[in-house]
Amino acid sequence: GREEPSTSSSYNRKGDEETPIDSQSSGLEIPTGGDCFHCLFPWQMMKFAWDNYKQYALGKNELRPLSKNGHIGNMFGGLRGATVIDALDTLYIMELEEEFQEAKQWVEKSFDLNVNGEASLFEVNIRYIGGLLATYYLTGEEVFKSKALELGEKLLPAFNTPTGIPRGVINLGSGMSWSWGWASAGSSILAEFGTLHLEFLHLSELSGNPVFAEKVMNIRRVLNRVEKPQGLYPNFLSPVTGSWVQHHVSIGGLGDSFYEYLIKSWLMSDKKDSEAKKMYDDALEAIEKHLVKKSAGGLTYIAEWRGGILDHKMGHLACFSGGMIALGAEHAPEDRRQRHRELAAEITSTCHESYTRSGNLGGLRGWIWNAADGGGWVTPHLWGLLRALILPQALEKHCRVEAGFSGIRDVYTTTPTHDNMQQSFFLAETLKYLYLLFSEDDVLSLEDWVFNTEAHPLPINHTDFKAAVQP
């Protein structure tokens, strides 16, 4: 069996000879150990992205690589350093030691939590708390734990509603919370209040304070109590009444990571959280029955559902579901295992087709696939899907600019316009996953770690976890 993850340097690589690489040509040091030849490219991209952020935007939330300055934005309630926090664990995993120390030093000396502004509960949780927790578990360094716990406390007032379903926006200074202005009738969003579970259980585990676990277990209670149309979970729920506000169901945006966190909550509990597994199984069964369709061209897709009427489109954010269904299939009963593996492969194949059937910038795609139009892709998004062998070169060719990596406004034009933004999740997710795809399996073994929806690794609890997940 595998060793339990320790609180320090849990990702050590073992036993492989280094592949000789000409480091002179790149001007970069080569990371030690592992299969360096294939992981070098995302490693170099990470170093380039970080070095430019550090030079032009350190302490701001994100780098504007064309104008060579920083961007603060209004998602994080006055918090700074989103790229620092999102990048910490990636720098550590890639053994970019000097860069990791730079990031750690910024957290120790400059990361101020006494702020006063409007923050997205969801974004602060997945990026800041997720990043701090992961880095604490990888390094054992107390500064990351204490900052995560302090920030977690600041999110708790968002749960002060009649149902305990949190509102989506919170002022980190005053504790006042409210719903997004665009959310129907003051509702909370399924993908937001449903994507707190992993992080909040770890906050309780580390602090010894059950309040964090109690908050997310109460969300489960509300969701189990409310009637679900056809067994489906609509995207908008009232934090006042605990009833659905609109019957719009989507596995893409507004819904996506709720389903991801059900199966991952079960895995993170070392398969003890049977309630999460049942909720996942039941939800997937309803999705299979009511939303999974085939286009005239034979491509499988997951439609959206609006008050009983199917909307035959699938947004690119729904493409994560291929991986999620494959992950769940490994733990499904025999009668469903093969069916779910096939469904996962079919969904992924549909998404893969988005590369080969459309557009000009090979490998960069963000789209909404519309079955009613015969299977065309419309509505470009910023960052494309992660595709192991094509994406690094496509990103390097189309997104790399003089001082970092920039998103592209429209991937369908032959002369792309950059959006002048190096998103923090590019360092947290895209480059980390590319690196791990080519690394040895024991670099963050999936037997010991679960990734949050921002790609921050959290340890599976191999000890008795029942106290934290009691309903």
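Just so you know, glycine gets a Cβ as well, placed from its N, Cα and C.
What TrEMBL says about this protein:
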type: REGION; residues: 1-28; note: region 'Disordered'
type: COMPBIAS; residues: 1-12; note: compositional bias 'Polar residues'
type: DISULFID; residues: CYS319-CYS351; note: disulfide bond
type: BINDING; residues: THR453; note: Ca(2+) binding site
Roughly how many Å separate the Cα of the residue listed as 'Ca(2+) binding site' from that of CYS351 (disulfide bond), to the nearest whole number?
19
Protein Cβ atoms within 10 Å of CYS319 (disulfide bond), excluding its own:
24
Tally every other Cβ atom lying within 10 Å of the Cβ atom of CYS351 (disulfide bond).
23
Over all shown protein chains, what is the count of other CB atoms within 10 A of the CB belonging to THR453 (Ca(2+) binding site)?
23
